[in-house]
Amino acid sequence: MHANQAQLLTDKIEKIVPRSERMSLTRKIQRINQLKQERNAVILVHNYQMPKIFHTVSDIVGDSLALAREAEKVDADVIVMAGVHFMAETAKLLNPNKTVLIPDTEAGCSLAESITPQDVLTLRNKYPGVPVITYVNTSAAVKAVSDICCTSGNAKKVVEALGVPRVIMIPDEYLAQNIAQQTNVEILTWKGHCQVHELIAPEDVEQMRQDHPNAAILAHPECPPEVTAAADFSGSTAEMSDFMDQKRAQNVILLTECSMSDNLAINHPDINFIRLCNLCPHMQRITIDNILDALENNRYEVNVDPSIAEPARLSIKRMLEI
Ligand code: 13P
Ligand code: SF4
């Protein structure tokens, strides 16, 4: 990439990143793009990454479902996941022969932390024959003892595709409760929560309505059901993005990680985003510097124990087939 192309990319984020920082950012972006070419690498970027990553070095951007789908198709030797660890593991499971890198191994997830494979086996013993649907926000070891995965973008479809009256959906209690309201299938769940979305309360929605009566309020399904009920729309980060593409409102409040609003605001200067500030500390661990370091020094490589890789992959593949 030429210097002026990198400059164009950093201009995209000029309202957010000060000019002094953009100069060094441009140099780093140039180096990252050079390394991408040398190593035949791609960078997959989740919607919650900061604009200075999302709008500059990404090859593919999207929600968890899109990143899983793209990871399956990607034609590269190296995949850098600008997201959290379970996303990198998913990419590795779908690309066992490629090098998958996560720029910071501490980029975890409170949902993935909330459940162990043993917890799933205990649930299976308690409810024999009831299929286990695991949210992708789990470890490969948990996926390996589950029947199928889902994301917030396809959870209802997955629940209904199984054709059974009762399912176990782990580990996000709120996602399960939100989906239960949209289907006749009985959903048993777990007590895991996203540490970002669980902090949003129905009183906050009420207050926002009073303060911004003309704004459409969109809530992620990881929010408590009282919050999604009080919002105007609930959907995954990709569904929120589609809502903006369809220009369904001029003023919006997104009840989700706030980098999402920052990223969309750049693509939709005609929409007024009323920003909240709920940052995911795990997503925020990824920076331009550690992406550069990942490509330069091949770190940190993500591998999955071969004893769990096959059944974990099967859970993801079953989801992708739906
Ligand atoms: P989606 O991007 O699938 O909506 O998920 C949100 C999330 O919290 C990912 O960690
Ligand atoms: Fe996990 Fe929530 Fe952060 Fe997503 S936003 S990675 S669900 S803690």
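Every residue gets a Cβ built from N, Cα and C, even glycine.
Keep in mind that TrEMBL annotations are predicted by a computer and have not been checked by a curator.
For reference, TrEMBL has these:
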type    : residues                                                 : note
BINDING : H46, S64, Y135, V136, N137, S152, H220, P221, E222, T237 : iminosuccinate binding site
BINDING : C109, C194, C280                                         : [4Fe-4S] cluster binding site
C280 ([4Fe-4S] cluster binding site) and H46 (iminosuccinate binding site), compared by Cα position, are separated in whole Å by 12
Distance filter, Cβ under 6 Å of ligand 2; input binding-site residues H46, C109, N137, C194, H220, C280; output C109, N137, C194, C280
Nearest to C109 ([4Fe-4S] cluster binding site) by C-alpha distance, among the binding-site residues H46, Y135, N137, H220, E222, is N137
Smallest Cα-Cα separation from C194 ([4Fe-4S] cluster binding site) among the binding-site residues H46, Y135, N137, H220, E222 is shown by E222
For E222 (iminosuccinate binding site), the number of neighbouring Cβ atoms whose distance to its own Cβ is within 10 Å equals 29
